[in-house]
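Participant: Quick paste from TrEMBL:
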DOMAIN    3-209  domain 'ABC transmembrane type-1'
TRANSMEM  44-62  transmembrane segment
TRANSMEM  68-86  transmembrane segment
TRANSMEM  144-170  transmembrane segment
TRANSMEM  182-208  transmembrane segment
DOMAIN    309-537  domain 'ABC transporter'
TRANSMEM  609-635  transmembrane segment
DOMAIN    616-903  domain 'ABC transmembrane type-1'
TRANSMEM  663-690  transmembrane segment
TRANSMEM  732-752  transmembrane segment
TRANSMEM  758-779  transmembrane segment
TRANSMEM  850-871  transmembrane segment
TRANSMEM  877-895  transmembrane segment
DOMAIN    938-1172  domain 'ABC transporter'
Amino acid sequence: SFIYEKSLRISSWSLSGGEMTVGQITNHINVDAGIIQWFFIWQYFVWAAPYQIIVILILLYLKLGVASLVGAFIIFITTPLSYKIAKKMSMQLNKVLSISDVRLKKSNELIQGVKLLKLYGWEDLFTSSVEKVRSREVSEIMKAGVYMIATSFIAQAVPVVITFISFAVYASTNPTPLTPVIVFSSLALFNQLIQPMGTVSIVIGFFANSLASVERLRVFFAATEIKDFDCGRPLLSKGFDFNSGGDDAETLLDDPVIDDIEITGNDQDCLITNSSLLYDNGASYGTFNTESTVNQGTTAVPLPDSIALQVNKGHFAWDVDDAIVSLCNIDLMIPKGSLTMVIGLVGSGKSSVLSAILGEMTLISGTVQFNNLWNRISYCPQTAWLHNATIRENIVFGSAFDYKRYHSVLDVCALTPDLNLYAGGDMTEIGEKGINLSGGQKQRISVARAIYSKTDIIVMDDPLSALDVHVGKHLMEQAITGFVSNENRTVILVTHALQYLHHADQVIIMENGKIDKQGNLEEIEEGSDLCREWTGKIKLISDSETEGLSEEEMLHTDQRLLLDEDTEMPEKCMEKNQHRGAAASLIEEEDRERGSVSSRVYLAYGRAIGLRLVTIIMIVYALQCTALIMTNFWLSEWSDAGVDTMNQTKEEIEEQTQYYLNIYAALSFTYVGFVLLAISCQIIFSILAAKHLHKALLWNIFHAPMRFFDTTPTGRILNRFSSDTQMIDQKLWMTFNGLFQYSLQCISAIIVNIVVSPIFLVGIAPLVVLYYMILRYFVSTSRELQRLDNITRSPIYQHFSETLSGLSTIRAYRCEERFRRVLASVLHRHNVVQLFLHLSNRWVGVRLELVGSLFILVSGLGSLLSCVFLNLQPSLVGLALTQALLVSGCLFWTVRFTADCEMQMSAVERVEHYTEIETEQYQGVYNPPGDWPDRGDIQFENVSVRYADDLEAVLYNINIHFKSGQKIGICGRTGSGKSSLALTLLRMIDMYQGRIIIDGVDISSVPLLTLRSRLTIIPQDPTLFEGTIRFNLDPDYLKSDEELWEALEIAQLKISVSELDMQLDAQVSDGGENFSVGQRQLFCLARAFLRNSRIIIMDEVTASIDLKTDETLQYVITNAFADSTVLTIAHRISTIRNSDYIMVLSNGEVVEYDTPENLLKKDDGIFASLVKG
């Protein structure tokens, strides 16, 4: 809960600037919180175990005298040694966890960008980068394993060594020989040392781990938060009182002090140099200090009712520790009920202005003030954020459901025709991040959410870029200037759709982080060459608007096209609904195995270790057990020899003592050697097995089809890479080690008792049955509880992941409390399962104590009867009773470790399940030449495709031929199948009918990576990875600097990149968040140029780019790809109007295909109506 609370308040820069990542925070939740929890479960033994050791040593002193002090001395030596090892292990585990963070961060990044990896055939390249990090992690785990070997060895070997040395010293210094009375009473006490010594090693391990986790959490909790101050808006709700931690919490982070700050600037940035506007001396930030640290300025005069928002001389920065200010001298006044449009070139600061208004940027100086009466905000981000819920739940978003208002919003957002295609209607579940929706559908749902909420101010970041002309026009006229305007709500809209500027009450032009001009459209046009140039382009685009269609006819055409999918081909729509059936739910329930963990899982883990190595481990443990039994029997023999020494001389007694002592030493140290060998084999082989399992998991997941990622939440996949992997890495080997250690001790005790007194078998039989019943009952219960624990944990990670990706939206709506309640709900379910897990452990503990007591009773009675009736030697009676006393504690731990083994093997089970999911068909039957495709000729022959076998087709009977070198424009309404057509060329979705021929080669026969590496697609959603610009353009590092700069110049990014400090080696943050969406799209375009393919597919490449840049790009693309076949998917008709041919899709079918000139002649054609729209 505390981690989640911190996440809700963490600054946007902390996530986008690389300081924190979603994977890193997930690791805090998953690993660090669990480690600290386990320490507090075991912390009772911090004082209990030393107390037990001290009491046992006192009793030993009473029995052995000075000889026992030698044993105490060894314990006092090994205790600080164990602590020293623990500190070293803590430091090592800190390294492991840091590398684990990097691995998880990379894994998360790959999951987020898996579509791009597959489109470009980069799966092997990027998974190998994760494997390199994993190899470093395993290397550090192996080093930590050495410390764990030392700790476990000390715990198991020290009691045996103490026993040997104590008896050796006693025999050498005490005239009284060792007798069964002395030996076995002392041996019983020495055996009692095993458990507390072992417990101390475990607690030390947990303590070392928890120290590392606390340090990591300390850094996280001290990370920069958004600066929440009184600006007229409701403050972020307070979830938990973090200040209850005490005064020491204030020392978690050094106070950031920025003295003498002054705002200066130029066209590119502003530098903080000398003034005191940001912090007072001694201020701090972070979760443990909730006092506002930002200068709140003087008390502002309340705004008049006619003004909704005012920014006065605002200077804003993303990173408070950086001297660069992103926005300078921002002066804004937004009238209530007005429509304000923010425009400008890519990277000019449009989205930053919205972030500043929302409080996502740090206010360095100036004021931001909302009207106290009109201060509720709804927000529509540039990349639509949807969470895994139904369409209705995403739109209503926690508000009260109003049927009439809801359906009015659906109509004005043009969502009704889309919903009619789903069997579940608006109750259809949206996949994680809206994966099962088109870009336009996601954006319209995001807009519908903003409009439905009864807020006073609606902030929209370029929502029209993902929409086609008609839908965009409908949204502008019916929703923004219609529904919203009628409610007298204030709208701030960032847009590149300049054809709608005449609707604006106020226009703001951004340039280089400053407001270049603001006013109404007439005022802007008067003094701006740029605006006059834009106006000319808008007029050119819409020249044909008045050609032949009246306003009434155009409105009728708009309505017909919006309802197109509802009215055209009714039989097909009915068929779709029938096929969808119960497909309203997209995300599949997580698989849950039932019953005991299959032997197949144990076999899989054995194979990961290596079956020969498993055999070696078992043999070594068997030898260890044999050595222990022989040592105990030899001790019994030695004590018997000490009974009858009356007739022996001193020399004979010394010689006899030396004889027994030598063999006892040999057996003891043989046992110690086998202990070291067994522990070493166990740890090293288990770590290697963890490496092999992770490699198989990584490879299989990222070679799975895209449908797997569509239907599996990111949190569920991350769970495999985080908690399950960590369980296999660090816990499973300990459990097996404990299981072998205690079960072998039980077995050796039973063997000893059977050898000493065969009658023991009669009494032990019912106890074995009772023990088996308890074991079976407990293990089956705890196993299912552990599975429930794993399953109830995944929703926690999923909720965290969704929250972190939608932080700005959640904070804008001020709905943190509702998301906290969701977390509380999933945490409650998880905690209930954990409570039952711990209660079941207490339940079995009580019952096994009873079984252990009965075991001692049976052993004692059997030995006494054998002694009376069979003349059993007293030493053997003592040995049997000593071993029986040992069993009492070992039984409990054997059952516990058996149950833990079953529970933890579920991690192997879950990982192994993901190593068996179906992968894409990567092999091919034909390897084309290295220059294939050399012409770019594409032929679709009766092609029909679908996303899954149980879903209906998204493309029907496509028959079309694109000749080499042609430039093809593809358009159609949102959801018509444009992007699906592009994905079909790269075999991303199932082509169940027909074939595609490229340069005479059937693509189904070509190896998948070869196909995807030879074609180039620029996807609709721009994806960048954390790293350098060079890495994002050329991850193979095959291109020269000259080629990289040429590609950036073509993509209109050369100037922007050359102004960065590191230029090509400048860092790109996670997801490219330190660049605007438009800039990210241009980087993707530059990346495509470098591939030099003969077939280029551009899917809405210029949707988030201003018209001027778009026009320049179209000219450059025409020249750069002159010899290539280019398929351009676009909503902007101006983008594809100069193509050789235009293909119009509707309902998954080609409805028009001809040259633009011929299509424009068809007055009733869809393309003509789109142009005139």
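Heads up, residue numbers simply count up from 1 along the chain you see.
Including glycine, each Cβ sits where the backbone N, Cα and C put it.
What you see is a predicted model, and the numbers here were worked out from it, not measured in a lab.
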Participant: Using a Cβ cut-off of under 8 Å, list the residues of the same chain at least 6 residues beyond the transmembrane segment (68-86) that approach it.
Facilitator: 53, 57, 60-61, 147, 150-151, 154, 158, 161-163, 165-166, 169, 186, 190, 197, 200-201, 204-205, 207-208
Participant: Same-chain Cβ contacts of the transmembrane segment (609-635) under 8 Å, 6 or more residues past its ends?
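Facilitator: Distant Cβ neighbours of the transmembrane segment (609-635) are 160, 167, 183, 187, 660, 663-664, 667-668, 670-671, 674-675, 677-678, 681-682, 685-686, 688-689, 740, 744-745, 747-748, 751-752, 879, 882-883.
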Participant: Within the domain 'ABC transporter' (309-537), what mean pLDDT does the predicted structure show?
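Facilitator: Residues in the domain 'ABC transporter' (309-537) carry a mean pLDDT of 82 in this prediction.
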Participant: When you scan the chain for residues with a C-beta under 8 Å from the transmembrane segment (850-871), skipping those not six or more beyond its ends, what do you find?
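Facilitator: Contacts of the transmembrane segment (850-871) (Cβ under 8 Å, skipping residues fewer than 6 from its ends): 753, 756-757, 759-760, 762-764, 767, 770-771, 774, 877, 880-881, 883-885, 887-889, 891-892.
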Participant: Can you say which of 663-690, 758-779, 877-895 has the most Cβ pairs under 8 Å with the transmembrane segment (732-752)?
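Facilitator: Of the candidates 663-690, 758-779, 877-895, 877-895 scores highest.
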Participant: Under an 8 Å Cβ to Cβ limit, what residues of the same chain, 6 or more beyond the ends of the transmembrane segment (877-895), are close to it?
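Facilitator: Result: 180-181, 183-185, 187-188, 191-192, 194-195, 632-633, 635-636, 639, 738-739, 742-743, 745-746, 748-750, 752-753, 756-757, 760, 771, 774-775, 778-779, 844-845, 848-849, 851-853, 855-856, 858-860, 862-864, 866-867.
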